[in-house]
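Undergrad: Mind having a look at this structure? Questions to follow.
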Ligand SMILES: Cc1cc2nc3c(=O)[nH]c(=O)nc-3n(C[C@H](O)[C@H](O)[C@H](O)COP(=O)(O)O)c2cc1C
């Protein structure tokens, strides 16, 4: 099989990113971009991002998760702590998050350190989830091999019966990670491949160093 994709080409023309216009704190630029993408561009899930971890097998692995909160501290997503990514983070908390917002021709790449959030915060978020998602978190031993789909569906049914009329309690192995950024790069597509790239790097004094990178 062969498919030549060399004629796939696009000129990026939707925006610009100038050093003279960016804020001192990258979280403020992230917030601005996130709001703009949400409001003005076609994006199904603006909060979908890839999380890359360095696995126990030495390979990096990316997967998509949903960003559920961001603050000046960093970025929070929820998952199963026993999953492949959970085990990877336990061994090496250095992760990379990235967003590609194709409608806005923007990319954001965040290097940072992941840590589990406080139990009460995970409880709070778990309680806010629809019941189906809560029970789903109990059903799935995320990233474990499962013999077939029926096993999962039977387990779901059994749990639905068992928990009828009862509150679903968050399992301890399910919760949030906060990724504290150490570096954030903002990429805005420009014509002729002369894209804008602005990188913020956290310094020892906790100030952010801001630099333009070559495209
Ligand atoms: C749009 C989208 C959103 C997702 N959101 C999450 C999420 O918030 N949390 C999560 O654990 N997995 C989420 N997943 C599934 C993950 O991509 C992945 O399959 C799962 O977390 C297991 O990854 P792991 O085995 O590498 O740990 C999402 C997948 C997609 C495509």
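Cβ atoms are placed via backbone N, Cα and C, with glycine included.
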Undergrad: Need one residue: from 61, 68, the one TrEMBL lists with 9, 10, 11, 12, 125, 129, 133, 193, 194, 195 for substrate.
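TA: TrEMBL names 68 for this substrate site.
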Undergrad: Taking TrEMBL at its word that 63, 64, 65, 66, 67, 68, 78, 79, 85, 107, 142, 143, 187 bind FMN, choose the one of 131, 197, 199 listed for that site.
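TA: Same FMN site in TrEMBL: 197.
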Undergrad: Whole-number Å distance between the CA of residue 68 (substrate binding site) and the CA of residue 187 (FMN binding site)?
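TA: If we compare the Cα positions of residue 68 (substrate binding site) and residue 187 (FMN binding site), the gap is 22 Å.
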Undergrad: Anything from the binding-site residues 9, 67, 129, 187, 193, 195 with its Cβ under 6 A from ligand 1? List those in sequence order.
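TA: Passing the 6 Å Cβ check against ligand 1: none.
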Undergrad: For residue 11 (substrate binding site), which residues of its chain lie six or more apart in sequence with Cβ-Cβ distance below 8 Å?
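TA: Within the chain, residue 11 (substrate binding site) has Cβ neighbours under 8 Å at 191, 192.
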Undergrad: So what pLDDT does the coiled coil (142-169) average out to?
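TA: Mean pLDDT, the coiled coil (142-169): 95.
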Undergrad: Measuring Cα to Cα, how far is residue 195 (substrate binding site) from residue 78 (FMN binding site) in Å?
TA: 33
